[in-house]
Amino acid sequence: MRERLLAAEKVKSIEWHGDRLSLLDQRKLPTEEVWHSCDSAAAVADAIRDMVVRGAPAIGISAAYALVLAARTRMAAGGDWRQALEEDVALLAASRPTAVNLFWALNQMRERLERLKPGEDPCAALEAQAISIHESDREANLAMAQFGVDLIRRHQGNPQNLLTHCNTGALATGGFGTALGVIRAAHLDGLVERVYVDETRPWLQGSRLTAWELLGDGVPATLNVDSAAAHLMKSRGISWVIVGADRITANGDVANKIGTYQLAVLAMHHGVRFMVVAPSSTIDMALESGDEILLEERAGSELLEVNGQRFAAEIEVFNPVFDVTPADLIDAIVTEKGVVERPNAAKMTELMNRKRLH
C-alpha cells in the first residue's frame, strides 16, 4: 500500500526553499494554481489567518517553518533574540485558535531550542526540526491510510459509497491527506464505488478543493449541497462518513469543520458508520472534553456577500468555523498510532501512551 500511495501522490501545498516558504494559495483553487511566497513569520501568520493555507496539519507545518524565518531575523537584529522570538510565537498562535496542531508544532520548535547544545546553530536546529515535523506528517498520513482501509475492509469488503466533508487531502496536510488519504487508499484497494463530497459552506472547501483532488486522482466523486446529507444517507447507501479533525479532546470529542456534528447525528440515525482521521498531534489531552474548546468564528461578510454584492446588510450573522462532535457519536478515531473504536477517555489515554511510529 505504501508504494502505491507514494506513486499516486500528485499534489503538494507546502514547499520550503531554505530562505522562504511557498504555499499553494487555496483561495484561488481550482481555477488558478498560484504559489504564495512568505519570507517572515508575520507573512506566514497572515497566510494562515487569510486561509491561503488551511487544514490543521498544514497550518502546524507552516508555523514551524515560520519560526525558522523568525529566528533568523531576530538573531540578525541582535539583543535578546529568544525573548523577541516569543512575539512571533504569540503572533502565529493567534492566527487560527482552534487548530491544536498549530500549538503542537510551536511547542515542538520551542522544545528544540531548549535542547540546544553548546555551540549548536539555533537556526539550523530549528530548520531541521521543521523539516522533521513536515516529513513526520507525511509518514503519519501513510500509516493512517493503512489503518483506515483495514477498518473499512473489516466491516465490509465490497466497493462502498462514502461521504466526506470539507477538505482533508494533500492541500490540508504535509502528505496526501488524513480522511481523504484513507479514501484515496480505499480507492486504490477497490473499496470505493463513489465518494459524495459536501460542498462545505461558506468557503466551499469541498467543491473547490476536495472535488479537485478526487478528480485529479480519478476517484468516482459526486458533489452535493451540505443539506443533502440526510437524503444521501437514506437513499444512496452511504456506508461511512469519513472526516478529519482540528482538535480532539481527552474523552474523544472532536472539533472539526462546521457541519461535522450534524453529519454525525444523521449518521447515527441512519445506521451509517462515522470515522474521524487525524494525526496524534491533533489530540489535546489537556482538555477533558469538547466543552473546553475555543471555537473560532469568522466575519459575517462571508455569508452576506455573493459575487461582490452584499445582501441583508443589517442582519446579525452567526458564522462559526467549527463545531464539536461528541465521542458517543463516533465509531472510530484513526491516527498514525492506531485506531480507537467507540472512543472514551480511557481508550484515548491508552492510545496516547503508545510509542510513536515516527
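Cβ atoms here come from the backbone N, Cα and C positions, even for glycine.
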Of ARG20, ARG96, ARG298, residue recorded by Swiss-Prot at the substrate site of ARG54, GLY55, ALA56, GLN205, ASN256, LYS257: ARG96
Other C-beta atoms that fall within 10 angstroms of the C-beta of GLN205 (substrate binding site): 27
Check: same-chain CB within 8 A of substrate site center, minus ARG54, GLY55, ALA56, ARG96, GLN205, ASN256, LYS257: ILE59, ALA99, CYS166, ASN167, THR168, ALA172, GLY244, ASP246, VAL321
Recorded substrate binding residues, ARG54, GLY55, ALA56, ARG96, GLN205, ASN256, LYS257 - maximal Cα separation rounded to whole Å: 17
Lowest local Cβ density (other Cβ within 10 Å) among binding-site residues: ARG54, ARG96, LYS257: ARG96
